[in-house]
Amino acid sequence: MCEPGRRHPAKRRSHLSEIVIPVLLGPTATGKTALLAKLAERYNLEVLSCDSRQIYQGMPVGTAQPDRQTLEQIPHHLVGFLSPALSYSAGQFRKACNELIPEILKRGRIPVISGGTGFYYRALTTEMIELVDDEALRASVHAMSHDERLALLEAKDPLSLSEAGAIPAAGRVHRNDVYRVERSLYILLLTDRPLRSFYESGFKKRGDLSFAGVWLDLEAEAWKQKVRERALQMLEDGLVDEAVAVQREFGDCPGLRTPGYAEALQFAAADLSRKDLEERLIRSHLQYGRRQRVWFRREAELLPALGRDEALQNLEKLMAAGIRS
C-alpha cells in the first residue's frame with residue numbers, strides 16, 4: 001500500500017496492454033476537479049480531459065475549465081487548446097489520448113481520464129469504426145437550415161429522432177438538438193447507415209489498453225444546488241462578456257454550442273431578463289447533466305460512486321493496485 005503523504009509514480013510495465021488507466025467521469029458540477037486535487041496529493045498525476053467543451057480557447061468561464069491554481073498543481077491535457085471556430089471529433093480525441101498516454105507513462109506519471117463527455121470516453125475505450133470524412137458532404141449538410149436537416153433525417157430514418165424531454169437513447173437525437181441532428185444526418189448520408197445502428201451492433205472493447213474507475217454522482221437535491229451555484233457563479237465571473245467576445249470574433253461557431261452560451265447571448269441582446277437568464281442557465285446545465293448521467297450508466301467498467309468520499313476510496317484502491325511493485 002502507499003505510505004501516507006508520499007506521492008507515487010506509475011508502475012513501469014513492458015506492455016501497454018498490462019496497464020489499467022484510471023478514470024473519473026461524472027456529470028457537471030459533481031466535484032471532479034476537487035477530487036483530482038486530493039488524488040494529486042498522493043500520486044503524480046497528469047489529467048487527460050475527457051470534455052468536449054473544455055477544449056476551447058477563450059472560454060474558461062462557460063466551459064468550467066480548471067482554474068490557474070489547479071492547472072499549476074496538476075498537468076492537464078486537452079484543455080483550452082482549440083479555437084472556438086473548430087470542431088473536435090471523438091476520433092481526434094482518441095488519437096490525442098493514444099499519443100499522450102505512453103508519453104505520460106514514460107515520465108513515470110499516472111494518466112487519469114477525467115471529464116464529462118461520454119461519447120469521447122466510448123471512442124477512447126472501444127474499437128472505433130473508421131469513417132473517411134467527406135468535406136464536401138459535411139459542408140453541404142452544415143449549409144442546410146435546421147428544419148431542412150430535420151426533414152431529411154426524418155424522411156430517411158424517423159427512428160433517429162426522439163422528442164424533446166424524452167430519455168436519451170443511444171444513437172437517437174432530440175429534434176431541438178441542432179448539433180447532434182447535423183452530426184446524425186451527416187453520418188447517415190456518409191455511410192448509408194443511421195447513427196443508432198452503430199450503437200445497436202455493439203462496441204467491442206479495445207485490446208491494447210484497459211480502463212477502470214468511477215463515475216461520480218451526488219444526491220439529487222445536493223447536485224441541483226451545486227448546479228445552481230455554479231451557474232450563478234458563471235454569471236458573476238463574466239459568462240455574458242465571454243459569450244459576446246467569442247461571437248464577435250468567431251460568429252455562430254462550434255464553441256458556442258456549449259450549454260449556457262445561447263442564453264447568455266440572448267441576455268446580451270436584451271431578449272432575456274436577468275431572472276430569466278438565471279433560470280434558463282440553470283435549466284440548461286441540469287438537462288446537460290442528466291444526459292451525461294445516461295451515458296455513464298452504460299459503462300460497465302465504471303463503478304457508480306455517490307459523493308466524493310466513496311469515489312476517492314474506490315480510485316485510491318485502483319491506483320494503489322496499479323502502482324504496486
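Every residue, even glycine, has its Cβ placed from backbone N, Cα and C.
Those TrEMBL annotations? Automatic predictions, nothing curated.
Within the listed segments 3-6, 51-54, 307-310, TrEMBL records region 'Interaction with substrate tRNA' for the stretch 51-54. Packing against the region 'Interaction with substrate tRNA' (51-54) from elsewhere in the chain are residues 62-65, 78-80, 88, 93, 115-117, 119-120, 258-259: each is 6 or more residues past its ends and has a CB under 8 Å from a CB in it.
Confidence annotation: the region 'Interaction with substrate tRNA' (51-54) carries a mean pLDDT of 97 in the model. Between the listed binding-site residues, namely Gly26, Gly31, the fewest other CB atoms within 10 angstroms of a CB are found at Gly31. Gly31 (ATP binding site) is 15 Å away from Thr117 (site 'Interaction with substrate tRNA') when you measure Cα to Cα. Least packed by the Cβ count within 10 Å, out of the recorded positions Thr28, Thr30, Thr33, Thr117, is Thr33.
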